[in-house]
Number of protein chains: 2
Amino acid sequence: QGTRDHPPAQAALRERLLSAVVSCFKRHGAAAIDTPVLELRETLMGKYGEDTKLIYELQDQGGELLALRYDLTVPFARYLAMNKITNMKRYHVAKVYRRDNPATTRGRYREFYQCDFDIAGQFDPMIPDAECLKIVHEILTDLQLGDFVIKVNDRRILNGVFAVCGVPESKFIPACSTVDKLDKVPWEEVRSEMVGEKGLSPEAADGIGEYVQLHGGLDLIEQLLQDPKLSQHKLAREGLGDMKLLFEYLTLFGITGKISFDLSLARGLDYYTGVIFEAVLLQQENQHVEESVSVGSVAGGGRYDGLVGMFDPKGRKVPCVGVSIGIERIFSILEQRLEASGEKLRTTETQVLVATPQKHLLAARLKLISELWDAGIKAEMLYKKDPKLLKQLQYCEDTGIPLAAIVGEQELADGVVKLRDVATREEVRM
Amino acid sequence: QGTRDHPPAQAALRERLLSAVVSCFKRHGAAAIDTPVLELRETLMGKYGEDTKLIYELQDQGGELLALRYDLTVPFARYLAMNKITNMKRYHVAKVYRRDNPATTRGRYREFYQCDFDIAGQFDPMIPDAECLKIVHEILTDLQLGDFVIKVNDRRILNGVFAVCGVPESKFIPACSTVDKLDKVPWEEVRSEMVGEKGLSPEAADGIGEYVQLHGGLDLIEQLLQDPKLSQHKLAREGLGDMKLLFEYLTLFGITGKISFDLSLARGLDYYTGVIFEAVLLQQENQHVEESVSVGSVAGGGRYDGLVGMFDPKGRKVPCVGVSIGIERIFSILEQRLEASGEKLRTTETQVLVATPQKHLLAARLKLISELWDAGIKAEMLYKKDPKLLKQLQYCEDTGIPLAAIVGEQELADGVVKLRDVATREEVRM
């Protein structure tokens, strides 16, 4: 349940999509790593907040307690700590596992690919963070998915908001996961969850409400830097200062047009410590309505400066920032678009079919195809002793093979091959 | 235990290796499919003989009983049956899982990659089977792994041997897995396992011994076709007839020089029904000794005409033949060879580092690198506001970046960039 086979047409589309993402990661100088699908259970515990219950656990095999990885970020942090690496730019494309309620029509599965790019190391502020946003911008532009916006916020600003509104520190993380729902439900519902389930005071909730409904650009940053309450909070001030720097760098990259500083963005995971971001596609729901509607997140990430330290025996920290591309949702969109266009994606790359027009010529076909393979040419033949020529040409048309190399008795006698263009039916002897 | 992280150098080597294997599979017209790492437990049960105990099972999550796939063949058969596909040529490169005693120095892990190519469908005899052997020959030649031999046998011949030696049919499969050990232990040990553990009569074991120590080519096939006992056994006769046909096709492919018809080859798995094969690398153990020594199997496969039917509610059969490339062992060999050569594999593909020779030029670097990325050029910069030029050039040398694009105050004023060849130190303004 919640998993799927990928038949050839899907596998081919997926290969095309992954290769676009990976070539962007390589363009930014990342190296690949690979880690096991299995991790020790204890590695994954306490990293995913309320979602820890979604981790797939393996049966005790009389040795180690194992689980399937939930994302690629925690294994990366574990890898850095284990190998005492303090500086690395890596990408990783692999499957992750969540024992979630699958919603396969919306592209939510229990097994799915993630494509992650992360920069680990102690650097000057916001330069790697800006590159992560540039990468999201490049990929979404490259894939031509239509209009999008990248929402940006900072956990320090959010914590500052909670603090100045009188929320006790122990409730920051629960408050965070409630705020995170603002992109799906209206403020009133979020407010009532805060007061009801999370036990915040109504005054605190109202105070938070005034902040988290704000979004804008550099102007909003400046405004909040002047905010009498928020500007008194040390971490919030640092966060706002970094946000200003980030916008400066993004201006040099020429991408601020797609960036929105959005105080409602919280992201669910425990491990973020600084900048957080999320890209959503915008869709004109109705031609007559001006407003555009979000069709969901297709990339997200942020800064997690404390995660690597959790795996180091001495707690040594390695600051990290990274982005994960939501390949499954993008795949669903591309798949629907391909279907609508009626375009048929070839599932093989075969260049030529080796064919014979008469019987008793299997040996000639085997000899010729062997020569073609040895010359590096992608070639197929039908696995029949005496196939009909029509069937052979039909196979070319069905599978998109552009050429047929035909050897008949005459060609054998003359020491030539007849090369036929399947589409135009033109033939040359060679 | 028994798993490993792949750091960038290994991941890069693996990518190179997998791409060689995949391009061979594509050259033979195969399409890619992908299936989940998780399968229903019942799908995997009863397919792997004694090795069923090595399957990783997941905890009951209050729904389905799941396990990690053990190979890619059973999921392929399940896929064909589920989708009622009767005709397909596919490849699949993915990880599989075995709760085995890991022997990591010999490249045996609990999580490892398999690279499978299979042809499903009802075709004329031995044409797809011959192609599988051609593929093994192409890949091992292409990877320049040194001398190798591909051992070929047929389960029908082996069963014929057991039958004419008086083994009851219920003991064919146990006898098979004992014979399979002949490449590792001498005949005496195999014989005593047969008589002791497997309960064969000493006469039967001796009879088997006379056959399974034979190996050769077309001559041996002819000899066995005349064998007074074996030629009386219907299935053995069919197997020998097909083996003769196979050698005919392999002669047309020009690869019989590396093929050995070897009656000791049995292969452990239950599901084989016809031709089986295994490729082993040969290594000159000692310059003074003529004999060459096997360093283990690097590819294997065979025909399994009954497996798909096990997953079809009506038991409809789809004949299949396929090959699995033992990528981990090959990887170990290539890794050792790379280490011995002292060659350093680049882990990134960065073409140019954007550098500045003076302070306060971060904005110029960000602007230039953004233009390069947008033009599809693989570019990096140091994540420092004011890095020293020497450090920037050192980074190029350490990571193999061939070019540095330098913007200083003078270049900015002149509206040019200085492009420096890191190795030769030549510079051009452009």
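Using the three backbone atoms N, Cα and C, a Cβ is placed for every residue, glycine included.
Look at TrEMBL and you will find A:Asp71, A:Leu72, A:Thr73, A:Arg98, A:Gln114, A:Asp118, A:Arg267, A:Tyr271, A:Tyr272 tagged as L-histidine binding site. Residues annotated as domain 'Aminoacyl-transfer RNA synthetases class-II family profile' in TrEMBL: A:1-357.
Here the features listed in TrEMBL are painted onto the structure.
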{"residue": "A:Asp71", "record": "L-histidine binding site", "Cβ contacts under 8 Å, 6 or more apart": "A:Tyr48, A:Val96, A:Gln114, A:Asp116, A:Ser324"}
{"residue": "A:Thr73", "record": "L-histidine binding site", "Cβ contacts under 8 Å, 6 or more apart": "A:Asp116, A:Asp118, A:Tyr271, A:Tyr304, A:Leu307, A:Gly322, A:Ser324"}
{"residue": "A:Arg267", "record": "L-histidine binding site", "Cβ contacts under 8 Å, 6 or more apart": "A:Cys176, A:Asp180, A:Ile276, A:Glu278, A:Gly300, A:Gly302"}
{"residue": "A:Tyr272", "record": "L-histidine binding site", "Cβ contacts under 8 Å, 6 or more apart": "A:Arg155, A:Gly302, A:Arg303, A:Tyr304"}
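Per-residue pLDDT, averaged across the domain 'Aminoacyl-transfer RNA synthetases class-II family profile' (A:1-357), gives 92. Counting every protein chain shown, 19 other Cβ atoms lie within 10 Å of the Cβ of A:Gln114 (L-histidine binding site).
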